[in-house]
Amino acid sequence: MANSCKSKEEFANEAIKRALRSLRKRHLSEEGAHASAFAALSKPIVSQGSEWKEKAESFEVELQQCYKAQSRVSEQLVEEIAESRILKALVQEKETATAGLQKELTEARDECMQLKKDLEDKIKALEVVLSENAELKVHLEQMTVRAKNAETENKTLVDRVMLEKMKNAEQLNEANQLYDDMIKQLKASGLEKFARQQIDGIVRRSEHGTDAFLQSNIPSTCKHRLQAHEGGCASILFENNSNKLITGGQDRTVKVWDTDSGSLISNLYGCLGSVLDLAITNDNQSVIAASSSNNLCAWDLNSGRVHHTLTGHKDKVCAVDVSKVSSRHVVSAAYDRTIKVWDLLKGYCTNTIIFHSNCNALCFSSDGQTIFSGHIDGNLRLWDIKTGKLLSEVVAHSLAVTSISLSRNGNVVLTSGRDNSHNLFDVRSLEVSSTLKAEGNRVASNWSRSCISPDDQNVAAGSYDGSVYVWSASKAETVCTLKEHTSSILCCAWSGLGRPLASADKNGVVCIWT
């Protein structure tokens with residue numbers, strides 16, 4: 001297109017040049033022609049003068065017309081040249097646009113080729129996936145067949161297990177019958193007391209140190225500060241009539257400590273969740289832990305081995321206690337709204353109590369026939385251990401009950417609540433004999449445990465600010481405030497010998513107070 005425009009402009013220039021040359025030649029030829037005429041006119045010929053004059057005038061007019069024609073042709077040529085330049089600029093713009101479009105077309109072709117290549121790769125990958133899917137379907141069918149076979153085998157095994165359990169139940173019934181016969185024989189021979197001590201595990205004030213204490217001291221000094229657990233320590237208790245302290249924490253361990261030296265005696269492993277509560281049998285042979293893993297673990301303290309894992313709860317187990325009469329009866333409460341009674345010797349549940357309000361704390365009565373339970377609705381309830389029937393109910397706190405402790409003589413039960421009060425109930429009448437409060441004392445959690453001293457004269461409870469408050473039970477007034485912890489206190493426990501007092505906090509620190 002540019003070449004055509006250039007040739008057109010050159011052609012116009014050549015045409016102009018040829019026109020100018022022809023005009024010059026014509027002018028020269030006319031001048032030559034007119035020269036003879038002028039020469040003739042100059043002659044004194046009167047007859048020819050007028051004729052030549054007319055010719056000259058006509059020639060001059062014709063020459064002027066030629067000049068005008070030349071001027072018009074020049075103007076046309078200028079206009080054509082300007083138009084050709086405009087056309088040339090337009091051609092250049094079109095060429096630039098054409099080059100851009102050509103470039104875009106090339107890029108589009110490259111992109112199309114890349115997309116085509118990617119599509120081919122995707123198609124290949126899809127073919128591989130379809131092939132793998134087919135293989136997985138075949139494998140799934142095989143696994144389904146195996147699962148059906150396993151389910152059939154499992155049903156067969158369950159039937160066999162149930163048959164074995166029935167056989168075991170029959171054997172246990174026979175053993176219970178033999179046990180009853182032996183009791184009758186022992187009663188007949190006058191050895192009833194011995195039989196209870198040897199078979200039922202009843203301890204009738206025969207342990208060393210049962211009456212060793214005279215009066216519980218008021219603690220004032222932190223003797224030992226132990227980093228007992230990683231995370232919080234939610235439960236502590238002393239061995240019966242001993243200075244050995246047992247602690248359980250969020251690190252899933254139970255530890256035994258010598259409070260005289262502050263040294264660790266042993267570790268008990270096997271709990272699958274955080275330890276929320278602890279209980280110990282009267283003979284100090286077994287310790288039971290309530291766990292957030294929905295079960296209870298029972299250890300032999302002598303060997304440190306788990307001899308029972310009590311399963312059946314559907315939510316975290318938050319409270320546990322052992323009968324004060326028989327070491328075989330255990331009661332537990334969980335957040336599945338159930339309270340379960342267990343036979344520790346047999347290792348299974350003997351009774352389940354279902355109630356609409358979750359239980360946070362519980363304990364046995366002194367005769368082992370009644371269960372005291374504290375619930376999140378703030379009520380204290382009494383249950384018959386054999387029938388599971390509700391015997392009595394009383395409003396203990398305006399908010400959730402967090403702790404229940406029975407006095408050593410069995411006549412008073414201590415309850416603590418989220419309303420930051422601690423009530424002492426007369427077991428016989430279920431009336432509040434005393435209410436303990438202190439400014440600044442705030443219960444830290446739904447499972448904050450308080451305790452009564454062995455002589456039933458004092459009450460100890462931890463607070464949100466890390467302080468331990470000690471009250472006089474008879475005067476209902478604070479006798480001392482112990483400060484050593486740096487975080488909220490979760491539980492307190494008093495040694496059965498009257499001293500020391502122990503407390504544990506959310507950081508896993510245990511303080512021994514004397």
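Glycine too: its Cβ is placed from the backbone N, Cα and C atoms.
These numbers come from a predicted model, not from an experiment.
Under the heading domain 'Autophagy-related protein 16', TrEMBL lists 47-173. Here TrEMBL flags 91-189 as coiled coil. Sequence annotations record features per position, and here TrEMBL assigns repeat 'WD' to 226-267, 310-352, 361-393, 394-435, 453-481, 482-514.
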Long-range neighbours of the repeat 'WD' (310-352), counting only residues six or more past its ends (CB under 8 A): 172, 200-202, 273, 276-283, 285-286, 288-298, 358-368, 371, 373, 383, 385-386, 388, 406, 410, 446-447
Winner by Cβ pairs under 8 Å against the repeat 'WD' (394-435), considering only 226-267, 453-481, 482-514: 453-481
Long-range Cβ neighbours of the repeat 'WD' (226-267) (under 8 Å; 6 or more residues past either end): 203, 207-210, 212, 273-280, 282, 284, 287, 289-291, 299, 301, 304, 447, 449, 490-497, 500, 502-512
As a quick check of your reading of DSSP, tell me how many residues in the repeat 'WD' (453-481) are helical, how many are strand and how many are coil. 0 helix, 16 strand, 13 coil
